[in-house]
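After the structure tokens below, expect a handful of questions from me.
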Amino acid sequence: MVLGGCPVSYLLLCGQAALLLGNLLLLHCVSRSHSFNATAELDLTPSGAAHLEGPAASSWEYSDPNSPVILCSYLPDEFVDCDAPVDHVGNATASQELGYGCLKFGGQAYSDVQHTAVQCRALEGIECASPRTFLRENKPCIKYTGHYFITTLLYSFFLGCFGVDRFCLGHTGTAVGKLLTLGGLGIWWFVDLILLITGGLMPSDGSNWCTVY
């Protein structure tokens, strides 16, 4: 069949070629657009936060309270690493000069335990607004040195006459006296049992009982 001097099959072939060329051009444009968007996303930083280059590449300068990036000091405990409380060993002057730290450790009731600030830092790979190192307040002045209440109570009950419980807790002087008197003929042994149960006999280094989970 001939239409206007041109075979219909020839016209259809030209149309298919034009469609194929159009599809190729469209695919090329889409590919270039996708590549540009991917590059732009790498350069973007959250609104209100300027990205820092160098070692602190996962930090931003905090400038906008509406930014999705929070200050590092607002991170939950599981995303930060904190130092142990500073022990000033009763030196009040050193505590005042530094501005934080513990004068004493330990305590049974909450009101007996001192609280202080400690140095914390955001974990590697956590993105937050700088500074990445900060002070976190209200940390209890307690430490653990491997003393377990149940173990010490068993020592006191079965071997208390020989002062094993006090040796274990670091009270060496009174432990020797308890050993030489065989637990004060049983009186000292009984008194130490009561003191352990009521919290009157604790480790000599001011540490708390380790918790058994």
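Each Cβ is built from the backbone N, Cα and C atoms, and glycine gets one as well.
Marked as N-linked glycosylation site by Swiss-Prot on the basis of sequence analysis: ASN37, ASN91. Residues or ranges marked as signal peptide by Swiss-Prot: 1-22. Annotation source Swiss-Prot lists topological domain 'Extracellular' at 23-143, 203-213, citing a curator's inference. Summarising the annotation, Swiss-Prot assigns topological domain 'Cytoplasmic' to 165-181 and lists a curator's inference as the type of evidence. Annotated transmembrane segment per Swiss-Prot: 144-164, 182-202, in sequence order.
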What residues in the same chain, six or more past the boundaries of the topological domain 'Extracellular' (203-213), come closer than 8 Å to it by Cβ-Cβ distance?
104-107, 142-150, 169-171
Which residues does ASN91 (N-linked glycosylation site) neighbour through Cβ under 8 Å, counting only same-chain ones at least six apart?
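For ASN91 (N-linked glycosylation site), the qualifying residues are LEU103.
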If you run the three-state DSSP split on ASN91 (N-linked glycosylation site), which class comes out?
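In three-state terms, ASN91 (N-linked glycosylation site) counts as coil.
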Tell me the residue counts in helix, strand and coil for the topological domain 'Extracellular' (203-213), as DSSP assigns them.
0 helix, 1 strand, 10 coil
Report, as numbers and ranges, which residues of the same chain sit near the topological domain 'Cytoplasmic' (165-181): CB under 8 Å and 6 or more residues beyond its ends.
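For the topological domain 'Cytoplasmic' (165-181), the sequence-distant neighbours (Cβ-Cβ under 8 Å, at least 6 residues beyond its ends) are 147, 151-152, 155-156, 159, 188-189, 192, 196, 201-205.
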Let me know the model's mean pLDDT on the topological domain 'Cytoplasmic' (165-181).
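The average pLDDT of the model in the topological domain 'Cytoplasmic' (165-181) works out to 95.
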In the topological domain 'Cytoplasmic' (165-181), how many residues does DSSP assign to helix, to strand and to coil?
14 helix, 0 strand, 3 coil
